[in-house]
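Trainee: Per TrEMBL, the features are:
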type	residues	note
DOMAIN	91-553	domain 'Major facilitator superfamily (MFS) profile'
TRANSMEM	82-102	transmembrane segment
TRANSMEM	141-164	transmembrane segment
TRANSMEM	171-192	transmembrane segment
TRANSMEM	198-222	transmembrane segment
TRANSMEM	234-257	transmembrane segment
TRANSMEM	263-285	transmembrane segment
TRANSMEM	360-384	transmembrane segment
TRANSMEM	429-447	transmembrane segment
TRANSMEM	453-476	transmembrane segment
TRANSMEM	529-550	transmembrane segment
Amino acid sequence: MRTSEQKSSWHYSQPKRIREPSHLDEQHLHLAHRSRQSMRAPLGLARTRKMSNNYNDVPFGIRAVQRLSRHCCTRFHARRDLLYKMSVFVLTFLAYACYHMCRKPISVVKSVLQGNCSTALAASGQECGYAPFDVPDATTLFGMLDSAFLFSYAIAMFASGFVAERVSLRYFLSMGMILTGVFTYMFGIARTSNIHSLWYFIIVQIFAGIFQTTGWPGVVALVGRWFGKSKRGLIFGIWNSHTSIGNILGTLIAAHYVESDWALSFVVPGIIIAAVGFLLFLFLVDQPEIVGCYPQAGQQERRVANESDVEQDDEEQVRHNDAEINYRSAPTERTPILPRSQPEAVPRGRGRPISLIDALFIPGVVEFSLCLFFTKLVSYTFMYWLPLYIQKSSTLGPELSADLSTLFDVGGILGAIAAGYLSDVSGMSATVCTGMLFVASPILLMYQQYGALSMTISIVLLIVVGIFVNGPYALITTSVSAELGQHSSLEGNANALATVTAIIDGTGSIGAAVGPLLAGLISTAGWQYVFHMLIAADIIAMVLLGRLVFKEFAALRRASHRIRIE
């Protein structure tokens, strides 16, 4: 017979009938489930709202467009993500074009500041030159102004990239553009305020260079967020034409006012970039998540997270039932509760930031960084000194000289697109850059020797020089930087991509600061020596890529050999 203790044990080991859930219990479970989802969802609406309350809020202009479309365009259906991508593409293009537009006026007004008036202006009796630049060694002073801007730009670039990764890019870009417009405007009002202090112009250039650094890290980060890693070569070449478009606009605007009132050459671009900055503040969406757009990886992560939530809820219900059935069983017969299975982690494309030393060991980073130093030296020397050189070597006035110099930027657009296309077709970026640099050296010598013979020859040579000088520069700063930042050894580390891009572009910015400074010093001995310096820089840039060219041809031979064997 069983003892009373055994009966009691047998009685409590019987399964307990589970109470059917009532209507109130279902409501309670539904609210609890929604609460868990809002706390758990990594890319969910609750997390998005929390982020938007910090700084990544939906822009005011986008809210107005959304309300308008709901009331007026109910029958219009379009892909939301495509519309947002187009808006980001256009806004970033306009933004960086405006940054470059504000860099050009100084190159156009140099001839007027120095005192080389055109014949019509001299006959009208208007004052020529502007102190402190109306001196024989004015080119040295102009070199100081260019260096103040470019060295501050190169140094602040690294800090600007660091800040851009940690703040809202909408505020970062809009504030940077507005402040750039303020200091561009301040350079122009020196004439109306009768300011003749050299230090005033140097300080204005320093702050203009600092705030100009907000442009490149901001637009590159935005394009990376919206378009991912698939954009290469040709697409990058088209998008990178914003530099040449901005140079052309800045030159034409400055040339329009240079002989009548050179102050407006700075005031008008300053007002334009500030207005575009405010436009970005109203309409730029700096995070896809805040408008309900998710990249492909984000969508996959969200699906996996939601599926894992459902599985976890089912497992919790089963464990709850088992626990109610067995929680009174004897200790020796208790069923162990297994730990909850975790959802498979989805790679986010991010990792620990790598150091500068580690980034330098990525194959090709050192070579392309040094190559960009010399190619950007040549490109920025033309950007800052070409209008003055054309006027010095011909009988053209300041306005016509500035208009003619825009053909160099037209060639730059064609060169960027051609270099990107050739890189896509061949897959040999170093070889494409080397080939264009090889052609650029004799073209530079031809332009120096024969560019002043006739207008037709000058036009043709300027376009050709722009193609072969700006092509390698555009390819390295865009497609090559992206390829090196996504090297197979980095395993998709987005922080490594930012570091590699900062190293390459920062090194090139130093070359951009050195080139105009040396040109201002060397031009006092003769402009032919400036061209000799530029030719030497192109040759050095070509030699620096020699090892990578040999590696690309070796890989091509191995690939063709495998094809023949197969």
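Backbone N, Cα and C define each Cβ position, glycine as well.
Curation plays no part in TrEMBL annotations; they are all automatic predictions.
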Trainee: Might you confirm whether the transmembrane segment (82-102) is in contact with the transmembrane segment (263-285), defined here as three or more C-beta pairs under 8 A between residues 6 or more apart in sequence?
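Mentor: Counting Cβ pairs under 8 Å (6 or more apart in sequence), the transmembrane segment (263-285) reaches the transmembrane segment (82-102), since there are 3 or more.
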Trainee: Who are the chain neighbours of the transmembrane segment (141-164) in space, where the CB to CB distance is under 8 Å and they lie at least 6 residues beyond its ends?
Mentor: 103, 106, 110, 113-114, 132-133, 135, 172, 198, 201-202, 205-210, 212-214, 216-218, 221, 380, 384, 498, 501-502, 505-506, 509-510, 512-513, 516-521
Trainee: So which of 82-102, 171-192, 234-257, 529-550 is most in touch with the transmembrane segment (360-384), counting Cβ pairs under 8 Å?
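Mentor: Counting Cβ pairs under 8 Å, the winner is 529-550.
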Trainee: Is it the case that the transmembrane segment (82-102) and the transmembrane segment (453-476) touch, counting contact as three or more CB pairs under 8 Å in which the residues of each pair are 6 or more positions apart?
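Mentor: No, the transmembrane segment (82-102) and the transmembrane segment (453-476) are not in contact.
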